[in-house]
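Colleague: A single structure is presented below for examination.
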Amino acid sequence: MQRADVVIVGAGHGGAQCAIALRQNGFEGTITVIGREPEYPYERPPLSKEYFAREKTFDRLYIRPPTFWAEKNIEFKLGTEVTKVDPKAHELTLSNGESYGYGKLVWATGGDPRRLSCQGADLTGIHAVRTREDCDTLMAEVDAGTKNIVVIGGGYIGLEAAAVLSKMGLKVTLLEALPRVLARVAGEDLSTFYQKEHVDHGVDLRTEVMVDSLVGENGKVTGVQLAGGEVIPAEGVIVGIGIVPAIGPLIAAGAAGANGVDVDEYCRTSLPDIYAIGDCAAFACDYAGGNVMRVESVQNANDMGTCVAKAICGDEKPYKAFPWFWSNQYDLKLQTAGINLGFDKTVIRGNPEERSFSVVYLKDGRVVALDCVNMVKDYVQGRKLVEAGATPDLEALADAGKPLKELQY
């Protein structure tokens, strides 16, 4: 049976960063990364942006050149999944039937796209935007003449895909079940702004609509039927309604968790010598009032990976990384600092009509998060307000001409 001192399951951002950080921190033991996809680790965010728009080729998305991993003596088993974890024996069962032993195990599998459960969900022409294969398949259909696309889901993935497809000249309809887009992650001001932007760019954006079924001919999707009976023509459908944490084998092995694998402040699961990081890990977040949650971002995956690598190397410290996020749509750059969970007030800096503004979120008078649209200085300086739990004067906070760094922390 093969064995490695550290086995990392998942070859995304978190898994790659953990392997890199192990070597950076002097780890000399054996490292194996097990990845479901056939590719070496690559950046995910550009899939729904630059790669989809053909502004970047795939070779520019690699987190490190493929030769890097061999140079650092990091082994990869690609195109492979873990189907079973035996925490007592410190042993994994792989999808090819092999067994693989580990000293420490890092679970970095992220999540699988949540799929529709309605009639017609198994038709061809229905896509997620999670992997290179997802995007390549959709791009091939566009090249073959697809003109009408329906995007189901008004989160960041759906909005980014809609923006790219609209710029490419396709007819895009975006459907959101809630009263506004980004309802789960942003305040009403930001939602209203992005809804207007997409409509102004030609997207048929509809909120408070429910999908009844997908209709098709000869096994291929041809439309989306709404609960009211209307059928929207669609030669392709993108589903962006969230992810389901890929944690089955760990939960089956006895790990605590439900919506993600529960980890402590050191990213340790309830099973011995097993860590979990990234989108699949649920932890008590200091920047969300200690609420247990999963944070789906590159920043979180990378920083958790580094935290675990340092712990394995003997430098164990609690995970306290500052959360941040970004999204590019059209010529708009959104930068988010902090987590706005439970906010009770917002302050607008700048003018949304000028397409350059910030939304500051407060809870009990303290700054907890910012959404900055084409306002880089606000983002950079506002991070410190969030980190400090600042209680600034609201009139000064609303003055876009006053730098955030000048406000009382």
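The backbone N, Cα and C atoms fix where each Cβ goes, and this holds for glycine too.
What Swiss-Prot records for Gly14, Lys49, Val82, Arg130, Asp279, Val298 is FAD binding site.
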Colleague: Using a 10 Å radius around each Cβ and counting other Cβ atoms from all shown chains, which of the binding-site residues Val82, Val298 yields the largest count?
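Modeller: Checking each of Val82, Val298, the winner is Val82.
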Colleague: Which ones in the same chain are close to Lys49 (FAD binding site), with CB under 8 Å and 6+ residues apart in sequence?
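Modeller: Long-range Cβ contacts: Glu55, Glu160, Val164, Asn328.
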Colleague: I'd like the Cβ neighbour count for Asp279 (FAD binding site), meaning other Cβ atoms within 10 Å of its Cβ, all protein chains included.
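Modeller: Excluding its own Cβ, the number within 10 Å is 25.
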Colleague: For the FAD site as recorded (Gly14, Lys49, Val82, Arg130, Asp279, Val298), determine the largest distance between any two Cα atoms, in Å, rounded to the nearest integer.
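Modeller: It comes out at 30 Å between the most distant Cα atoms.
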Colleague: Give the sequence-ordered list of residues that share a chain with Arg130 (FAD binding site), lie 6 or more positions from it, and have CB atoms under 8 Å from its CB.
Modeller: Arg44, Leu47, Asp112, Pro113, Ile243
Colleague: Can you check which residues sit near Gly14 (FAD binding site), meaning Cβ under 8 Å from its Cβ, same chain, 6 or more apart in sequence, and list them in order?
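Modeller: Those within reach of Gly14 (FAD binding site), by Cβ under 8 Å and sequence separation of 6 or more, are Ala108, Gly110, Ile277, Gly278, Asp279, Ala301, Asn302, Met304, Gly305.
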Colleague: Based on DSSP, name the secondary structure state of Asp279 (FAD binding site): helix, strand or coil.
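Modeller: Note: Asp279 (FAD binding site) is helical by DSSP.
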